[in-house]
Structure formats: structure tokens, C-alpha cells
Amino acid sequence: MGVKGLNQLIKEHSPSAYKEFQLKNLFGRKVAIDASMCLYQFLIAVRQSDGQQLTNEDGETTSHLSGMFYRTIKMVENNIKPVYVFDGKPPVLKGGELEKRLLRREEAQKQKTALGDEGTVEEVLKFEKRLVRVTREQNEEAKKLLELMGIPCVDAPCEAEAQCAELARGGKVYAAASEDMDTLCYEPPFLLRHLTFSEARKMPIDQIEYKDAIAGLDMTKEQFIDLCILLGCDYCESIKGIGQATAFKLIKEHGSLDNIVEWIKNNKTKYTLPENWPYDEARQLFMNPEVTNANEISLKWKEPDVDGLIEFMVRQKGFSEDRIRSGAEKLKKGLKGGVQGRLDGFFKVVKNDDKKRKADPKETKSSKKKRR
């Protein structure tokens, strides 16, 4: 679900934290990607001309494999080294959000069934996309594909976006990539959004710098997390009637979520706290996420296993052999050279003074002549 309204708040108060650029501008970077999120995107976006998901002759869905294969190759061609991080066991506190998602899918199924044969193609597709979920089998297939491609995978003990942020904080990668804005609660130096979107969507990649974001909001790490909880996150519901502007204002006025809760309890306000609201437990999940220390993780990009790719993608999943071989060659070429260094990795940027540097009063005319 992410954090409702956080994107707009950062854009309003911390515009310098945002940058937009194309995939090629990430050349020379290593990036940790929330795998579950991008698999979900591929299942929704990678479709046939009639809007149906890609399937093989046996009727098995292959949209997730197609999206993962070709988008990863595109990154490697641009001299980017991706590492995919998969979700582990969800926190107990997330159970409520997962139950809501299940109920939404059940409702979408009912609405789709009610359409019968009278629904338009667009109406049917709308409900089909709401029914999409990433299965355990699809996760395992994606891991197998990435292993054959020579791309490293990491199994997070809990939330994938928290592990992505840990890899970025630990210097293993440049940034965490996810569509979930709550990734910022785990303090990655940079958050990348839209990284795995299809080029056909023509959406630039958004980069949000964490340090600039909270500086512009003029908040501490703890206040930023409280703001995200107040806006509504995966771990607990929001307070009815409190939108992004009000949430920001309340954090500024009261300083913390604890003080806001006390203020609501002790004053006649129009706000009602949810029953047994676990905001402090949610805060602890953001403050102390269950992750594997970055120093304990070794990331290695290897040459693709072409024979293995042909066996899995062509013989088992029904993809074109020519296309898989062509993709494997692109991977070989991209991974063989390693990540080229970026210029900003060799030079320190020094700001120029606004005024022209005045000549040293001790400097003699003769010394000026010698320099000419």
C-alpha cells in the first residue's frame, strides 16, 4: 500500500530531494530492487494484444518471467547491476493489511462474475488486474530465472524494502528501488521509483534523496516515521479525517505521535483513534526492522547459464529460443565488462564562489607574468 500522500508532501516541502532521469543515467550503479513489487507490476502490465496475461501452451502464466527477463537485460545493457530482494515472512502486524487485500480481491471476483458476458473488454480487464497476486510458485520461478541469468538474489528475513534499504545504507548498492514510499522509513540514501516500468509507459525514473527529504520537511527520523504512520501504512490504519496536510500540521504542532494521541484523548476533537491502535508497534518495525546485516551479504554477478536458460525458458516455459539466446548474449556482453566507474566516483565536487576570486595582494607583477 505504501504511505498515502507522502509523495506529494515531499514534493511540496522538499523539491530538491527529487530528481527525474532516464534509465541510462544510472550507468555504473548497483541497485537493490524489491522483487515482489516488480513481479506484481509485470503480472499487471505484461499482456498480450487482447489484454490477457502471457501464457504458454499449457496455460501457465509467463508474464512475470517475460518482464523479469527483458527488463533486467535492459538494465544490464545500460551498465546497471541489479540485485533482487524477495520478501520473507510478513510481520504479524501486517496481517490486517493482507486481509484487506484478500477481501478486495474477493470483491473484485464477485464484480467480474456479475458482469457475465455483458461486460466490455475494458471492464473485465479492470477486475482481472485487481485479482492479480504473486504466488509462491511465481516467486520461485523468478528466482530460478535470475540465477540462470547470473543476477544475485537476496531472501529477506522479513520485508524486502527494508532489506533493500539496508544494502544501500551498508554501501553494497547505490539505492533501493521500490514503488512503496514507506521504503524511506528505513533510511535508504536514495529511493528509486519506476525503475522496472516498461519504456512504453514513458515514465521517467524518480529518485528521492532521504537526507534532503527530511531536511526539507524539517523533521527528525522519528518524526518522519510518525508522519508516515499518521498518513497510513501497511502496519496500521490511519485516523479518519486526517489527510496529508493535517498530518503534517499535527506533527509540527505536537512533535510526536505520542503527543498527538494524548491530545486527541484529552481534548474534544473531531478525530477518533482506531480501537487498540498499534502505532507504537508500527513505529518499532520501522525503527528496528528485521534485516540481514549488509556486511553479511556477498553480491556476485556471474556469466549467464545459456543452456540452463534454454531448458527453462524455451523447453519448459515456451519462449522463443532465438529471443532467449539473443537476450543471453546481451547479458554476457553487459556483465563481462563489470560496472564502469562513474566520473562522480573519481572527482570531488567543489562549489565555485559566487564572486570572482580576487588576486592575492601579495602577488607580484613578475609572478603574474611568469604564469602567463
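In case you wondered, yes, glycine gets a Cβ from its N, Cα and C as well.
Swiss-Prot lists Asp87, Glu159, Glu161 as binding Mg(2+) 1, and of Asp34, Asp58, Asp206, Asp212 the one it places in that same site is Asp34. In Swiss-Prot, the feature region 'Interaction with PCNA' is placed on 339-347, out of the ranges 285-293, 294-302, 312-320, 339-347. The Mg(2+) 2 site recorded in Swiss-Prot comprises Asp180, Asp182 together with one of Asp234, Asp258, Asp280, Asp305, namely Asp234.
Listed in sequence order, the binding-site residues near Glu161 (Mg(2+) 1 binding site) (C-alpha within 10 Å of its C-alpha) are Asp180, out of Asp180, Gly232, Asp234. Listed in sequence order, Cys38, Phe42, Thr196, Ser198 are the same-chain residues six or more apart from Arg71 (DNA binding site) with CB atoms under 8 A from its CB. Cα-Cα distances to Asp180 (Mg(2+) 2 binding site) place Asp34 within 10 Å, out of the binding-site residues Asp34, Asp87, Glu159, Gly232. Shown in sequence order, Ala35, Ser36, Ala156, Cys158, Glu159, Ala160 are the residues of the chain, 6+ apart in sequence, with a C-beta less than 8 angstroms from the C-beta of Asp87 (Mg(2+) 1 binding site).
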